[in-house]
Amino acid sequence: MGTDGDRAKAVDLAISQIERQFGKGSIMRLGAKERIEDIAVIPTGALSLDIALGIGGVPRGRIIEIFGPESGGKTTLALHIIAEAQKRNGLAAFIDAEHALDVSYARKIGVNTDDLLISQPDTGEQALEIAETLVRSGALDILVVDSVAALVPKAEIEGEMGDAQMGLQARLMSQALRKLTGSISKSNTTVIFINQLRMKIGVFFGNPETTTGGNALKFYASMRLDIRKSGSIKSGQDVIGMRTKVKVVKNKVAPPFRETEFDILFGEGISKAGDILDLAAESGIVEKSGAWYSYGGERIGQGRDNTRNFLKEHPDILVRIEEQVRSEHGLKPRLQEQEEPAK
């Protein structure tokens, strides 16, 4: 072996060769802080998650998988990403294979439902054909499929209730993703698959949880987000929301395995004010002394809930704090980000 300098040069040369051949972000140092500047993103609606993803949101022209237990916030997060894309004049589509989209809740989150393309397909094949046609059009910015578990193959629907249909859904997903992946990259469309968890039978060691639809989606996804409830948010005796934990279990464009937590309030979605308050307190932008929170030398609230409500009622202060948090974490200012075109 050569000297440390020779080895470092050899590694740098190998990295540059890999990046030329396979693209920027195909290899990186795990502790690297730098953002991959040329990756266009759509914010998630939760600033802490944008930071955890390493690039300020979900990347365009990639496949994303959001999975977790029931009522964990999967669809809520996907709807927030749609709302953020629409704020940037993006066109969004929602393939509702579960036939369960709550339109009034989507509106409360900020989705422009009048411009949202929606499809409620009868079979898995139909859902994925519609997805491919929309992606190939090149006009779409974001497509959400809710959910992989509800993409039932035609043969299973037409068969008898007790028929064994082994591996049909996995084969369907594998074939569809092979066709979709090239179109997604060319059209710069972000495709989000929402997925459910199942328990593997007979697993005594390791994690018994697995996602539906076989292994293809695990391989094709550039990001995989594990989202689940970590606690309840109460106002007196009433439960008004839930604390949600997201773990980035796969990330091809930034270092993976980062985690974050934020509040989801019922009927409102992700609490932007609560999320920014937590980040600001963590980095010292908002000072916390006992139960009191202070900003710019002035007290803004006693207790987290009161301070969160104060920030909701004073959006000008919230925007100032958000810009400081974004600057602290190397993200673009929000105004500059919103001025950029959708495509």
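A Cβ is built for glycine as well, from the same backbone N, Cα and C atoms used for every other residue.
The annotation ATP binding site is assigned in Swiss-Prot to G68, P69, E70, S71, G72, G73, K74, T75.
All protein chains considered, the CB of K74 (ATP binding site) has 24 other CB atoms within 10 Å. Taking the mean position of the Cβ atoms of G68, P69, E70, S71, G72, G73, K74, T75 as the ATP site, the remaining residues of that chain whose Cβ falls within 8 Å of it are I227, R228, K229.
Looking only at other Cβ atoms within 10 Å, the busiest spot among the binding-site residues S71, T75 turns out to be T75. In the three-state DSSP assignment, the secondary structure recorded for G68 (ATP binding site) is strand.
Residue density at P69 (ATP binding site): 14 other Cβ atoms are found within 10 A of its Cβ, drawing on all protein chains shown. When Cβ atoms from all protein chains are considered, those within 10 Å of E70 (ATP binding site) total 9, not counting its own.
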